[in-house]
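S.K.: Pasting a structure below so you can have a look.
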Amino acid sequence: MVFLVACTMHIMIDLLPKLEKRAAGSSSSAGGGGGCSCAHTPGEEPRSWAKQRPRAAAAAAEPGWPNKHSLRLLQDFSNEPNSNLTSHSLEKVTERAESEKRVRQLQLGSEERGLMRDTASGQKQRAVQGSSRLKALYEHPLYKPDLPHLSEDDSLFNLNSDVRFYPKAAGHNEGNVEEEEDSPAGEATGESYPNWLRFHIGINRYELYSRHNPVIGALLKDLVSQKITSVAMKSGGTQLKLIMSFQNYGQALFKPMKQTREQETPPDFFYFSDFERHNAEIAAFHLDRILDFRRVPPVAGRLVNMTQEIRDVTRDKKLWRTFFVSPANNICFYGECSYYCSTEHALCGKPDQIEGSLAAFLPDLALAKRKTWRNPWRRSYHKRKKAEWEVDQDYCDEVKQTPPYDRGTRLLDIMDMTIFDFLMGNMDRHHYETFEKFGNETFIIHLDNGRGFGKHSHDEMSILVPLTQCCRVKRSTYLRLQLLAKEDFKLSSLMEESLLQDQLAPILIRPHLEAMDRRLRLVLKVLADCAEKEGFLSVVENDLEGQQQGNYHVQGPKRY
């Protein structure tokens, strides 16, 4: 009898929350929805972490997934309105008041975000209605030089033989926004391929993507709209990064938001312990394209639902275990990494929405090997030691005699990368990569730009040391820098217009945009000093010989 009574009480205890929840659901629906701030409707069954997974039965037997007891503990500490339905009426009244307060806060927050979005959309509309500086820039003769004829060895992939090695990609055209348009000569002609694969096929010896390739715009839309099917932590690196896979079999690297746009890097932070910013990755892609380098893979901003698009789809148990609900009832996680992966530095949503950057993956290393090179002007990454280039003013003479910098365009490409980093304020450029197939006669890839745009009030002149020591620059780069210093093609205005195309606009605050104009003048001053010291023809190397330049001519160095 005691056993039967105990079983009956146990069953009643399990059924009581459901009955009370059903009663609460009917009363709230009769009252117009009430003040529930939870992610599910009151009439639904509570969305526990285990029930959301289709493999819950199998996972329950695994030690990493919550059992019934731990699930009940999670619900008790989740502070959700329906997690303590058996409490006294006073607790329920208090809980409802807190819930209504959270709703008001969320409404106020959404109104503020709406105002920011309205401002950005208004600026975007004005940019479209008025004359587009960006469009005029890309129509300029400096942005229309022809590439050399591409042979089979100049393309990263052969369309007919190499693409078959991509599993499941060939013939899959979901999300291919621009499939009806003809691709430019030398690029992908298979409209049935997804946009990420068409991007890979378009890579050649001279560029990561062409200037007017419609596939890039379609790929940026895919990064924002494609359904996320799986998430895993990226190994290596100092801060948390996630690998996200999409329904069309594409992949992207996700960097979550760690700082607001108004925050600057604290002055006491070393460059190697600075935060990696998601908006810096987005802005770096747009800056790289405006400079006409086209060496940064496409990056787009996206608002991600941490519950549905990360926690519910990940099979990475180490990542899954780090999710928790904060005292403010926001979903948080921190993952595993060297820096800033702890409860104190957790990434929290509002309540489960978080901004982040998504960078399109380059081709798999098994299909297109890349070589990693140590940057000759790499910093010491030490609190007290200095690198050789910081104490030896003739360091560049030694670099010029060392392969691959003793011939070809590699040293000039390093100068391009130096200017690119200085405009962003990025001190964290320890390595760079190239595609192994093309040997030393190819461009360098500008990866990992998250530590840029940290300080708008300070110009780190040590980033420009390679340029001041070597006094070498491509003619095409020099001419574009001069163009971007003109009022008609002001760099800050072009960046502002370009960044408005991103979903998370505004990406950079005004002081960062103005800092780029100021730094551009400093770059041109360094080049003017070099030309005065060594002669203009010794500093500016003509890489436009034999290419169509229109009626644009070289101006001599100016004093800035």
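Keep in mind that glycine also has a Cβ here, set from the backbone N, Cα and C atoms.
On a predicted model such as this, the values are computed, not experimentally measured, just so you know.
When I checked TrEMBL for this same protein, it listed these features:
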REGION    24-65  region 'Disordered'
REGION    78-131  region 'Disordered'
COMPBIAS  89-103  compositional bias 'Basic and acidic residues'
BINDING   Gln239, Lys255, Glu276, Ala359, Ala360, Phe361, Leu362, Glu433, Asp448  ATP binding site
BINDING   Glu276, Asp448  Mn(2+) binding site
ACT_SITE  Asp428  active site
S.K.: I'd like the number of other C-beta atoms within 10 A of the C-beta of Glu276 (ATP binding site), please.
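M.R.: If we count other Cβ atoms within 10 Å of Glu276 (ATP binding site), we arrive at 25.
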S.K.: Which is it, of Ala360, Leu362: the one of these binding-site residues whose Cβ has the most other Cβ atoms within 10 Å?
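M.R.: Per the Cβ count within 10 Å, the most buried is Ala360.
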S.K.: How far is it from Leu362 (ATP binding site) to Asp428 (active site), counting Cα to Cα, in Å?
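M.R.: Counting only the Cα atoms, the answer is 21 Å.
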S.K.: Identify, among the recorded positions Asp428, Asp448, the residue whose Cβ has the fewest other Cβ atoms within 10 Å in this structure.
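M.R.: Selected from the recorded positions Asp428, Asp448 on minimum Cβ neighbours within 10 Å: Asp428.
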S.K.: Just jot down the residues in the same chain as Gln239 (ATP binding site), at least 6 apart in sequence, with C-beta under 8 A of its C-beta; none if empty.
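M.R.: Set apart from Gln239 (ATP binding site) by at least 6 residues yet with Cβ under 8 Å, we have Lys258, Phe275, Glu276, Cys337, Ser338, Tyr339, Tyr340, Cys341, Gly450.
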S.K.: What's the longest C-alpha separation between any two of Gln239, Lys255, Glu276, Ala359, Ala360, Phe361, Leu362, Glu433, Asp448, the listed ATP-binding residues, in angstrom?
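M.R.: Across Gln239, Lys255, Glu276, Ala359, Ala360, Phe361, Leu362, Glu433, Asp448, the widest Cα separation comes out at 20 Å.
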S.K.: Hey, how far is Asp448 (ATP binding site) from Asp428 (active site), Cα to Cα, in Å?
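M.R.: Taking the Cα atoms only, Asp448 (ATP binding site) lies 9 Å from Asp428 (active site).
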S.K.: For Ala360 (ATP binding site) and Asp428 (active site), what Cα-Cα distance in Å is obtained after rounding to a whole number?
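M.R.: One finds 21 Å between the Cα atoms of these residues.
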